[in-house]
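J.: For reference, TrEMBL lists these features for the protein:
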- Lys121, Gln184, Gly216, Asp247, Lys390: UTP binding site (BINDING)
- His217: substrate binding site (BINDING)
Amino acid sequence: DFSKAMSQAGTSQFQEVIRQELEYSMKVELDKILATASSNELEHAKKDLEGFKKLFHRFLQEKGPSVDWGKIQRPPEDSIQPYEKIKARGLPDNIASVLNKLVVVKLNGGLGTSMGCKGPKSLIGVRNENTFLDLTVQQIEHLNKSYNTDVPLVLMNSFNTDDDTKKILQKYSHSRVKIYTFNQSRYPRINKETLLPIAKDVSHSGENTECWYPPGHGDIYASFYNSGLLDNLIGEGKEYIFVSNIDNLGATVDLYILNHLMNPPNGKRCEFVMEVTNKTRADVKGGTLTQYENKLRLVEIAQVPKAHVDEFKSVSKFKIFNTNNLWIALSAIKRLQEKNAIDMEIIVNPKTLDGGLNVIQLETAVGAAIKSFENSLGINVPRSRFLPVKTTSDLLLVMSNLYSLNAGSLTMSEKREFPTVPLVKLGSSFTKVQDYLRRFESIPDMLELDHLTVSGDVTFGKNVSLKGTVIIIANHGDRIDIPAGALLENKIVSGNLRILDH
């Protein structure tokens with residue numbers, strides 16, 4: 001046992017030496033990169049690389065999945081409240097004064113590359129020519145006009161989306177919404193083999209575009225604080241932010257949740273509220289809320305030991321997942337940020353660059369900070385508050401007659417008999433937005449659709465109706481044109497079908 005203990009001590013000593021060497025090499029490389037910054041870039045680059053250095057230090061300290069599976073428990077009953085209970089409290093007469101304490105923050109760092117678009121994802125048209133950003137501004141403008149309030153919109157951009165977003169913001173200069181932006185950090189990608197940055201200087205254009213990345217939305221706390229905007233908003237009397245992904249079309253300001261935050265029934269305010277919703281088979285990978293060491297904690301699939309992944313995915317044990325709609329107290333962010341006390345697990349995101357180089361990105365998730373805040377709460381909201389558009393399959397749903405658009409908000413049509421959304425799977429011919437738009441002369445009637453699968457070279461004519469389960473498969477080299485006015489109900493269509501104009 002003595003020799004075993006000695007060899008273990010030797011191993012950990014050896015690992016410590018390697019860790020120190022890696023950290024030193026990283027510091028040397030980062031100093032070289034910083035030395036290339038011009039005087040007006042220096043302050044910014046310094047802050048970014050300091051933040052990255054802290055993250056890298058923590059990355060070297062952590063071993064294996066960051067949760068001890070044995071300690072994970074179901075959250076206590078009262079820690080996740082049903083939305084119905086919160087809504088049942090009604091609204092106070094002075095809802096305007098409550099709204100005036102709110103700031104809406106949208107995470108706007110993502111590009112539309114997965115849907116074949118260049119530029120910010122928020123500028124993709126989703127409904128009647130309106131982009132994600134248009135709909136967001138319309139929603140807040142409607143609030144401000146209805147209640148005579150001043151709810152501002154804050155966009156967290158990344159270096160990828162900042163220029164294009166700022167250009168477009170001029171179009172809202174006459175709308176009744178104050179719009180602010182700040183940028184999340186810019187961190188260097190790391191070579192997977194050497195664990196050193198692949199960037200040689202601070203520039204991030206041209207050849208250097210691939211050397212840098214925005215480090216996930218967990219970066220919001222530090223960036224918001226560092227930008228000075230957090231202090232300004234506190235100075236204006238704002239108390240809470242409502243944070244959500246800009247591509248989640250269900251994430252509108254909910255007055256009942258806001259009232260619950262500002263006027264808690266037990267008199268003790270929550271610093272952090274996470275909206276969760278019930279899992280369906282499509283959501284098995286979403287992060288879930290658990291009880292861990294007497295705190296609410298978000299556990300993501302990447303943190304789960306391999307042996308327990310199936311258990312994590314099971315709908316019976318973990319019934320809910322995080323929608324990433326979060327309500328957070330501004331004063332708490334300031335307090336924790338100043339104490340350097342926001343603790344978020346590191347997500348290691350491996351990527352292969354165009355040239356074949358394997359790199360890793362160190363990221364964090366905004367919801368993971370829940371355990372650092374006092375008196376956190378989960379609210380189990382209706383599924384309608386989670387309507388993300390990640391693919392053209394999602395886009396088809398929100399463009400269709402399943403939803404009606406009113407003041408920037410989408411609501412499920414009353415003509416649909418059941419509240420669930422159809423399962424839509426469009427094949428690779430539809431992945432890019434421009435290809436997808438070319439394949440639909442008009443969006444089909446989907447009010448009575450349960451399931452749609454489309455694969456291969458398929459086009460849809462005008463005024464097509466889809467009902468029940470519809471599967472359309474064009475084999476390689478074949479093409480299927482669904483004729484204008486066609487009604488497909490519980491049908492499988494395969495082979496070749498060309499409609500010729502005559």
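The backbone N, Cα and C atoms fix where each Cβ goes, and this holds for glycine too.
Quick one: how deep are these features, and who are their neighbours?
T.: Within 10 Å of the Cβ of Gln184 (UTP binding site) there are 27 other Cβ atoms, across all protein chains.
A 10 Å cutoff on Cβ-Cβ distances gives His217 (substrate binding site) a total of 24 other Cβ atoms nearby, all chains included.
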J.: Looking only at Lys121, Lys390, the binding-site residues on record, which one has the least crowded Cβ, with the fewest other Cβ atoms within 10 Å?
T.: Lys390
J.: Given the binding-site residues Lys121, Gln184, Asp247, Lys390, state which is nearest to His217 (substrate binding site) when distance is taken between Cα atoms.
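T.: With Cα distances computed to His217 (substrate binding site), the winner among Lys121, Gln184, Asp247, Lys390 is Gln184.
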J.: Counting only residues 6+ apart in the same chain, whose Cβ is under 8 Å from the Cβ of Asp247 (UTP binding site)?
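T.: Long-range Cβ contacts: Gly110, Lys121, Ser122, Phe132, Pro388, Val389, Lys390.
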J.: Can you check which residues sit near Gly216 (UTP binding site), meaning Cβ under 8 Å from its Cβ, same chain, 6 or more apart in sequence, and list them in order?
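T.: For Gly216 (UTP binding site), the qualifying residues are Ile347, Asn349, Glu363, Thr364, Ala365.
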J.: What is the maximum Cα to Cα distance, in Å and rounded to a whole number, among the residues Lys121, Gln184, Gly216, Asp247, Lys390 annotated as binding UTP?
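T.: So the binding residues stretch over 21 Å, Cα to Cα.
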